Structures are given as structure tokens and as C-alpha cells.
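Presented below is the structure to which this report refers.
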Ligand SMILES: C=C(OP(=O)(O)O)C(=O)O
Ligand SMILES: [Mg+2]
């Protein structure tokens with residue numbers, strides 16, 4: 001029966017397709033004593049063989065749809081299945097302790113996982129722990145007669161339904177078949193949502209109940225513009241949404257005409273509308289949407305896509321591809337921002353009560369300097385291919401910025417001394433996303449070349465509201481005058497020192513925020529590539545003098561997020 005749900009619209013567009021439940025089955029079991037040792041061993045061997053067959057197919061499919069690199073992870077899984085040390089230990093446990101295969105498997109696997117995880121100085125072995133965990137799940141599913149979801153096997157158009165998607169789950173989605181996704185959890189600025197926007201697939205997060213409501217293969221309509229989800233729609237609803245999808249495509253075609261134009265306001269002021277990227281592959285979207293710069297390259301995805309720490313050469317190639325691909329247009333590359341909701345299997349981080357307030361970003365880089373220095377060397381080498389700007393994430397204090405800068409200067413001097421070419425036009429800036437730094441923006445502005453405001457984090461830290469938690473999403477208020485005052489302070493401070501200020505948080509592409517930012521004189525607006533043309537079209541009809549009056553009123557007189565939103569909507573006909 002037709003049913004309607006509402007979630008948080010996270011990526012534009014409309015999709016109509018069948019649900020694919022990316023939901024793990026319950027793999028719990030009871031430990032029992034067995035008498036038929038041979039029978040139990042055979043059951044384990046059968047599960048191994050079925051897992052192996054399944055992995056062969058998955059590997060082949062993954063290679064076809066995602067490429068050889070993505071497929072290689074499954075080789076590691078098959079190696080574990082073929083490892084007599086692992087399988088032998090399970091069989092011995094079955095026969096020596098007379099326990100069922102499930103219990104033997106789980107105990108042996110736990111033993112291997114903790115052994116690998118303890119090798120903190122060997123990233124390669126640490127990464128094996130994640131592989132053992134994955135393979136164990138697969139074998140267990142066969143022992144219990146349950147089916148694991150295998151997204152790599154998807155070969156028809158689907159809408160993914162999941163409790164939550166990690167950024168690495170999202171990276172594995174094949175755009176050819178995955179037409180949209182809907183999750184129970186998450187907020188608009190969670191990284192999976194950001195990635196959906198760069199993949200240009202509609203997405204709705206924070207629906208709370210989609211996994212409980214949607215059945216496998218049930219037809220769904222996902223409206224990523226409004227956040228509406230329709231389960232088992234009527235023919236009339238399907239027709240209505242096909243029309244909406246067509247209207248959306250038409251609107252996009254209209255914006256597309258602005259692709260080769262500059263971003264100029266009605267009163268003739270020029271601003272930079274830039275794009276955010278996660279990998280060099282996103283460059284196509286940046287060029288297709290006519291962005292004037294890259295305002296944020298989130299390099300952590302390079303680390304997340306790799307099975308081990310990427311080498312200096314790997315990184316150099318990626319950075320060079322992006323810088324060269326932009327053909328002289330500025331490229332802001334941010335050093336690694338791991339931690340929070342972004343993890344590396346081969347770099348286990350401490351268990352933390354509050355990962356977003358913990359060991360993250362520049363805090364890791366300054367602590368694990370070998371990782372940081374490798375990245376800086378790769379960036380320095382790539383600087384010769386265009387206009388590179390480097391920024392550091394999560395800077396909270398001036399000493400942090402100074403230390404990061406000193407390390408950069410040290411690596412640069414070493415390269416110059418070794419006779420290697422390095423650009424003499426690299427700007428060094430920082431993300432403004434920690435309130436403590438924003439409050440002291442006037443002091444920071446004297447030492448940086450630029451600021452890039454990271455509203456995704458700045459809002460969560462200022463409002464004390466987790467950016468990915470749908471239960472507190474009502475507090476996630478980009479237009480709250482408290483946020484606007486910080487933003488204005490950051491922009492004014494940069495300008496006072498003759499520096500530029502950009503914004504690369506999601507708010508930079510928000511049609512309510514853009515008029516206010518124009519009023520405050522923000523120089524660079526960096527957003528999901530798919531928002532670039534929409535924002536350029538909006539700018540064209542706004543005058544900065546009018547917007548200044550609007551932003552002054554928002555900052556000085558209004559008191560709530562909603563009041564600001566209402567005022568801007570009215571004043572700009574939105
Ligand atoms: C752009 C930002 O960084 P990230 O979303 O990667 O945390 C931000 O915090 O606004
Ligand atoms: Mg951030």
C-alpha cells in the first residue's frame with residue numbers, strides 16, 4: 001500500500017526505482033556442544049566454499065563496474081579463505097573443544113583480529129584485521145543460511161535503502177545502477193550526503209524509518225529536492241514525479257547556459273564560484289558545471305580509497321591531475337582530515353566518546369608528522385603544475401597554525417636545497433571551522449594568506465549539535481545570527497589584513513545564505529559542483545548594496561534562524 005515518509009533532502013533530483021536493502025542480517029548465534037565433529041567440520045568447509053564462490057562473482061562484477069582497484073579488496077578476502085592457518089584453527093577448535101562451527105569461527109576470528117590490531121607499527125597487518133572481520137561475516141552468513149547484501153552485485157537500477165552509509169560505502173556505489181539512496185540516520189552535511197551531491201544522485205538522509213518500512217524490490221519515489229519518499233506509489237504519483245523530474249532537468253538545462261559565464265551580480269561585482277571535490281574523478285563534474293576554482297579538495301578520500309597510507313608518488317599524481325586539470329585556475333587542497341566520521345582501516349584511531357571533538361585532522365597531522373610531511377612533499381611537487389593553495393583543517397589555535405606552517409616551510413626548504421623545483425606562489429590558509437579560531441579571526445588574519453569557512457563544522461561546534469544526528473537537526477541553523485556574526489567577523493578580519501575569505505561548507509551553496517554572504521563581501525563560494533550554476537544564476541539577479549542592508553539587519557537586529565530565512569526569502573523572491 002502506498003505510504004509516504006519524509007527525511008532530510010540531501011542531494012537534488014528525483015528517482016523512481018526499486019528498493020535495494022543494504023541492511024545487514026542478524027548474524028548472532030548460540031554456542032553449542034557438538035558430537036558429530038565430521039559433520040560440523042563439513043558444514044564449515046561448505047560455508048568456506050560458498051563464500052569463495054560468492055567472492056569470485058563479486059570480484060568479477062566489482063572489476064567490471066568499479067574498476068580493478070576497487071575489486072582488489074576481494075582478493076584479500078579470498079586469501080583469508082584459502083589460508084590454512086585461519087581455517088585450520090577453526091577446524092581444530094571444532095574438534096578439540098567440540099563446539100559448533102559458528103562459535104569456533106567467531107572465536108578464532110576475534111583472536112586474529114586482536115592480533116592484527118595490536119601491530120600498531122605495521123599498517124599493512126592492521127588493515128588485515130578489517131579483512132578478517134568482513135570475511136568472517138560472509139562465512140557466518142552461510143553457516144546461518146542468511147544472505148548478506150552485496151552492493152557490488154547490483155546490475156539493475158535501484159534505490160539503496162540503508163540505516164546509514166559510511167563515506168566508504170558511498171564511494172562504492174555504482175552510479176550507473178544506484179539511482180538514489182535513503183537512510184534512517186544522518187544529516188545534510190554528513191559526508192555520505194556530501195558525496196551523494198558530488199555523484200549527482202538524489203539522496204535523502206535522516207528518514208528515521210526507511211529500513212523498517214521499505215521492502216526489498218518495493219517501488220520507491222525519492223524526491224531529493226523536498227525530502228519526500230513515496231513507497232509503493234500509485235500510477236498517478238509515478239506520472240506526477242516523472243513530470244517533476246522532467247521539470248528539474250529543464251531547470252538544469254536553463255542554468256547550464258551560464259556554464260561559461262563569470263559569476264557577476266546585478267550591480268556588476270565579480271565573485272568566485274568554486275567547487276568542492278573528494279577525488280580527481282570529480283574534476284569532470286567541476287568542469288562540466290563551469291566552476292571558477294576548486295575551493296576544497298578533501299584529500300582524506302585519497303587515504304580512504306587506498307588499502308594503506310598513500311605514498312608520496314600516489315599523492316603527487318592525484319594532486320597534479322587536479323591542479324593541471326584546472327588549467328591555471330586556483331585549487332585549494334586541504335591536508336588530510338581524518339577522524340570524526342572518516343576512518344582509515346589501516347590507521348586505527350583510539351575509541352573516543354566524542355570523535356568530532358577528538359583526535360582529528362590537523363591534530364593527527366601534527367602528532368603523526370611522517371604522514372603530514374609526506375603529504376606536504378607531494379603537494380610541493382604538484383605546485384609546479386598550476387595555482388596551488390594549501391589549507392589546514394580544524395585549526396583551533398595560532399600555535400597549531402604556526403607549527404603546521406613551520407613544517408611546511410621546512411619541507412619546502414629541503415626541496416629547494418635539493419634543487420627540486422617548487423612554485424613560489426603557494427598560499428597557505430586555514431579552515432575556519434572551530435569557534436575559538438573564528439572569535440580570534442583578527443589575530444589569525446595577520447598570519448594566514450586566506451580563510452575558508454567550514455560551516456559544516458562551525459555550525460555543529462557553535463550550536464553544540466552533531467552535524468549527522470537527525471534528532472538535533474533542528475538546531476543545525478546556518479542562518480542563526482550567532483553563526484552569521486562569526487562569519488562576518490571572519491570575513492571582515494581577512495579583509496582588514498588584505499586577505500581573501502572563502503566558504504567551503506555546504507552553506508556556501510545555499511540559496512538563502514548566498515545573498516547574506518554577498519552582503520558581507522565573501523570573496524569565494526565553494527560548493528558541490530552541482531550547485532555552481534544555480535548559485536551563479538541567483539547571483540546574477542542580486543545587487544550587493546541591497547544584500548548588504550539585508551545582512552546588516554540579519555547580523556544586528558534579528559534573533560532567530562527562521563526570522564533571517566523569512567526575511568531573505570521575501571527580499572529575494574525565493
Ligand atoms: C567543509 C568542511 O569540512 P568537512 O565537511 O570536510 O568537515 C566544513 O566543516 O564545513
Ligand atoms: Mg570540517
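Numbering starts at 1 and runs along the chain as displayed.
For all residues, glycine too, the Cβ spot is worked out from N, Cα and C.
Phosphoenolpyruvate binds 298, 334, 456, 457 as TrEMBL records it, and from the list 360, 467 the residue named for this site is 467. Residue 334 (phosphoenolpyruvate binding site) sits 11 Å from residue 504 (active site, proton donor), taking the CA atoms of both as reference points. Shown in sequence order, 274, 276, 295, 296, 332, 431, 452, 453, 454, 526, 527 are the residues of the chain, 6+ apart in sequence, with a C-beta less than 8 angstroms from the C-beta of residue 504 (active site, proton donor). Checked against ligand 1, the recorded positions 334, 456, 467, 504 give 456, 504 as the ones with a Cβ under 6 Å from it, listed in sequence order. Ligand 2 lies under 6 Å from the Cβ of the following recorded positions, listed in sequence order from 191, 298, 334, 456, 467: 456. Using Cα positions, the member of the recorded positions 191, 298, 456, 457 nearest to residue 433 (Mg(2+) binding site) is identified as 457. Broken down by DSSP into helix, strand and coil, the domain 'PEP-utilising enzyme mobile' (155-227) contains 18 helix, 19 strand, 36 coil.
Averaged across the domain 'PEP-utilising enzyme mobile' (155-227), the predicted model reaches a pLDDT of 88.
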